[in-house]
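Feature annotations, reproduced from Swiss-Prot:
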{"type": "COMPBIAS", "residues": "1071-1082", "note": "compositional bias 'Pro residues'"}
{"type": "COMPBIAS", "residues": "1112-1125", "note": "compositional bias 'Low complexity'"}
{"type": "COMPBIAS", "residues": "1166-1181", "note": "compositional bias 'Low complexity'"}
{"type": "COMPBIAS", "residues": "1271-1284", "note": "compositional bias 'Polar residues'"}
{"type": "DOMAIN", "residues": "28-119", "note": "domain 'Fibronectin type-III 1'"}
{"type": "DOMAIN", "residues": "179-354", "note": "domain 'VWFA'"}
{"type": "DOMAIN", "residues": "379-468", "note": "domain 'Fibronectin type-III 2'"}
{"type": "DOMAIN", "residues": "469-559", "note": "domain 'Fibronectin type-III 3'"}
{"type": "DOMAIN", "residues": "560-647", "note": "domain 'Fibronectin type-III 4'"}
{"type": "DOMAIN", "residues": "649-738", "note": "domain 'Fibronectin type-III 5'"}
{"type": "DOMAIN", "residues": "743-833", "note": "domain 'Fibronectin type-III 6'"}
{"type": "DOMAIN", "residues": "842-1037", "note": "domain 'Laminin G-like'"}
{"type": "DOMAIN", "residues": "1071-1127", "note": "domain 'Collagen-like 1'"}
{"type": "DOMAIN", "residues": "1133-1190", "note": "domain 'Collagen-like 2'"}
{"type": "CARBOHYD", "residues": "Asn607", "note": "N-linked glycosylation site"}
{"type": "REGION", "residues": "122-171", "note": "region 'Disordered'"}
{"type": "REGION", "residues": "1065-1190", "note": "region 'Disordered'"}
{"type": "REGION", "residues": "1212-1284", "note": "region 'Disordered'"}
{"type": "SIGNAL", "residues": "1-22", "note": "signal peptide"}
Amino acid sequence: MSSGDPAHLGLCLWLWLGATLGREQVQASGLLRLAVLPEDRLQMKWRESEGSGLGYLVQVKPMAGDSEQEVILTTKTPKATVGGLSPSKGYTLQIFELTGSGRFLLARREFVIEDLKSSSLDRSSQRPLGSGAPEPTPSHTGSPDPEQASEPQVAFTPSQDPRTPAGPQFRCLPPVPADMVFLVDGSWSIGHSHFQQVKDFLASVIAPFEIGPDKVQVGLTQYSGDAQTEWDLNSLSTKEQVLAAVRRLRYKGGNTFTGLALTHVLGQNLQPAAGLRPEAAKVVILVTDGKSQDDVHTAARVLKDLGVNVFAVGVKNADEAELRLLASPPRDITVHSVLDFLQLGALAGLLSRLICQRLQGGSPRQGPAAAPALDTLPAPTSLVLSQVTSSSIRLSWTPAPRHPLKYLIVWRASRGGTPREVVVEGPAASTELHNLASRTEYLVSVFPIYEGGVGEGLRGLVTTAPLPPPRALTLAAVTPRTVHLTWQPSAGATHYLVRCSPASPKGEEEEREVQVGRPEVLLDGLEPGRDYEVSVQSLRGPEGSEARGIRARTPTLAPPRHLGFSDVSHDAARVFWEGAPRPVRLVRVTYVSSEGGHSGQTEAPGNATSATLGPLSSSTTYTVRVTCLYPGGGSSTLTGRVTTKKAPSPSQLSMTELPGDAVQLAWVAAAPSGVLVYQITWTPLGEGKAHEISVPGNLGTAVLPGLGRHTEYDVTILAYYRDGARSDPVSLRYTPSTVSRSPPSNLALASETPDSLQVSWTPPLGRVLHYWLTYAPASGLGPEKSVSVPGARSHVTLPDLQAATKYRVLVSAIYAAGRSEAVSATGQTACPALRPDGSLPGFDLMVAFSLVEKAYASIRGVAMEPSAFGGTPTFTLFKDAQLTRRVSDVYPAPLPPEHTIVFLVRLLPETPREAFALWQMTAEDFQPLLGVLLDAGKKSLTYFHRDPRAALQEATFDPQEVRKIFFGSFHKVHVAVGRSKVRLYVDCRKVAERPLGEMGSPPAAGFVTLGRLAKARGPRSSSAAFQLQMLQIVCSDTWADEDRCCELPASRDGETCPAFVSACSCSSETPGPPGPQGPPGLPGRNGTPGEQGFPGPRGPPGVKGEKGDHGLPGLQGHPGHQGIPGRVGLQGPKGMRGLEGTAGLPGPPGPRGFQGMAGARGTSGERGPPGTVGPTGLPGPKGERGEKGEPQSLATLYQLVSQASHVSKFDSFHENTRPPMPILEQKLEPGTEPLGSPGTRSKALVPGEWGRGGRHLEGRGEPGAVGQMGSPGQQGASTQGLWE
């Protein structure tokens, strides 16, 4: 039909109705037909439109002034049924066709349900469409249309038009008491805001009902992953209490398990203990927004078969098919869906009316005739869970007083998972559960099944044992590249996972994994001489046991041992070693210089124990590596270092005068071979030009022409080698026989004062004009000075020197013919004197830091108090006094390498427990270089300094004698520093001695600090508090053995120590005894130089001293007069080697090289094909004879109860406090062998086992034998048909 105007459509409908009245009770027309079904439901059908429309929209709208909301539904078929309409109110019905371009009106009709039922043919009349008067329509009282069952589910949505409230509010008082349980979905998909709309909906549905103990009782359960009773039927007795409880209802959250919730309602809410009344009608209203994650069919069938009216309300994504499966018939009354939570409000009034009509339409006894009452049934007791393994549990219980037909055993993981069940015969009182997951807590329930229903169940929690790990891991065989591992199998394991990884990985080495079916594995491709961590884990499906590990070390390929060197020269060396015990194919020796510029390789037979390396470069360090090569690879490398000697110089030089002015120079060759040329240079002393000649390397003599008979010469010779090396030059002083210039002898140095040295010598024979003295600090850090001494004197004093400093002095005699050789000697100036008599050289640091009576007041953080024993006062250094001086202000000269640090100290209670430097020298950046540390926490003393290589050397003393320093009394401590050791004395008694490396040169610049904390850095760092009475550095390491510690009363000796000076004042004028010797005064200024004294008498000749160092070059003489031209020289020797020539032709190919080492392991191979299908399992045993069958209605009930797979799921045993945890269960395929892991090498490992026989899903075996026929008269249901 076209989408023409509504007036034409109404006219056609009016004409059709007028022509057909009186033919039958049901109004009919060619376009629209209405029929009234039981419970005042209205069924409508219309003619299907031509073309491809999108469906139909049906609108049932109350007439003006009605307070009810309109009803809109959509359908794909030309029929629909509407329920919940008021029989006495008028409605307007419109049917639209939905197309892609909009909607088009097909039919319109106004009706009243009572008029349609009561109108008769003689009172029928028509009225124009839109008149507003109700149209009388005969009632259709027969059965519903047989096509009704196939009608699509429709959705009720509220109209967007505003409604004007009118009429009284609806109230419902059923003729019989009613027990109403609301089952509300509280899953995460609803949300907090929508859950408030759900609570408003519940309040609107409950509001019309009269609530009381003898009227309507309301209970409510909220569910998600588990079900929770919010209140029972008998908990609240008034409507106000119920509505208040709805408002207080809190959102639960979780997953959607509707089947579990229905079983909870059956087992908990619909029980006499919860307020259920046997005479009351029972109604369950389900509100959900999604599809259940578990089975709902069984629990819903049990509820409906027990006479419970189930209404289902779905929102948004609710599964309509599932709602229809849950609800009681008729589905068009009990199933409702809305598209959004906002539309629940429009459905509330309609749902209240439908529930009320259902309660008014029949008593609670209208259910199935055979439906049993929900009475309490006997239950078993004393559930015992025993014989727990990793995959099985044994259950036993005390049977109920009345034996049930069967027991339903239901179990599932307590933290979520799919429940499983098994049925055992009634007489049994125990069973075993198999195929469980290891280390999993299970909730187990046992339900007795009687003819009248399901009794209360037993429940228990049990945790399966872990899968046992492998035991007794054993290394059956270990080779350099393989490990054979075995172990004892573990019960229940189907295969094993073996992991192998290096104990100390190198780079990106990965862990290797392999799965095996037998308790052994062969791991290959390993590296020799490495530790491997191997672990084995038992597996059963996806489960794994605790891993057991073992460490395996592959043996190394034996390397050579005891590497050594001999016959080391400047260009060759011999390396030797101890051979390996196993047969060696070849020994490879490689060497490379430390700079990497020179390398080489040589190979020796397998039985060789030495090899010669060469040619090498002189004065070069080589790294030598020796490796044994075996047929299976190379051993580890033995490494050593060798340094070649310096290129040797010619030796044993001698000069022989020849006739005329020629002289022959002879020498011993520098090396047997390798010398390319000798270069000889001679230079006359004083004035003259140097001459040079070259001699071939195979000669040992040379003639030097043109030497004057009255001139001395310096002759130098050096050797050049073929590898480019050059020896050190060797010099010889040649003096003709006609010239004699002897140097002075017996040169001696003595220290008169800290700033002067006395030099004396024995004059030589001959007329000496004067002596030339040159002196400078031996360290080379100071300036060089010279002085001339008259020839008549043989001694001189060198003034203005640094104290405690070594000086090198050279003296040469000046003759008329020139200068003699210089003789040298080394001497050291004395340290400053600590005593007036100069008997104790050293440095007084108390004076340097102004810790004296007349100067301490100007120092911040320092206080002075008289000594308890008289004599020297005591100075207290408070915390953070920060006493710091520059090195140059404290030590006018460097410290001698051998010295003694002396201090008299007392540690105070406020002295910190951490280490601090009583005295130390630092660099400019305050890095410690030298000092003494006291650690009150460890009760130890540490001395440290830097050696000549700037490395830190330290010695720590912590014996019992050292601990008393920290007990709060004064103690005198000597730290005697020698060249190779340091000794500690406490109260003049030796405590300990420690070896220590030689001290380097003390810093000339930097700082000296007192009490500085060891961790402190920078100029403003913290310092410790302590008392100090003495701090000296004595320029000797033997002073500790001479000191008598007279400052301490316990160490005083009356014979050697003077009496203490009393600090008390005496009234007597009698002078007392002389006081102790006072401290040395400050150095005075230098006096004016005195007049030169007379020469003293010549002393006796001294002992000949050691040969001195090479003298410094003499002063540059004045240019001489130009000489006459010389004679024509002799023909010179052969010149030096020329430049390198061009490269020669390529040589012949070398011999075939040795086989290289094994390459790295290749990449993993591709995954192998699936294994073959395992053998079919053995057939199960023949089933027992079935029991006598029951009547069909009772058998049907048993069948429904047995399918209640979720009876135990709704039990709230320990579930309210336990969050849901999904358990991943692997789907097993029959007899399929698992895929193997990819192999790492082509070599086959230990063969795997055949796959075990698969387990049929749901734990069923082979079908049992057909049960025998029951007794005549009643056909028995077989066991399989009853319980599947």
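From the backbone N, Cα and C atoms, a Cβ is placed for every residue, glycine too.
Helix first, then strand, then coil: DSSP counts for the domain 'Fibronectin type-III 3' (469-559) stand at 0 helix, 49 strand, 42 coil.
Annotation note: the residue listed as 'N-linked glycosylation site' sits in a coil segment as assigned by DSSP. Neighbours of the residue listed as 'N-linked glycosylation site', defined as other CB atoms within 10 A of its CB across all chains, total 9. Counting Cβ pairs closer than 8 Å to the domain 'VWFA' (179-354), the top stretch among 28-119, 379-468, 469-559, 560-647 is 28-119. Each residue in the domain 'Fibronectin type-III 2' (379-468) gets a DSSP state, and the totals come to 0 helix, 48 strand, 42 coil.
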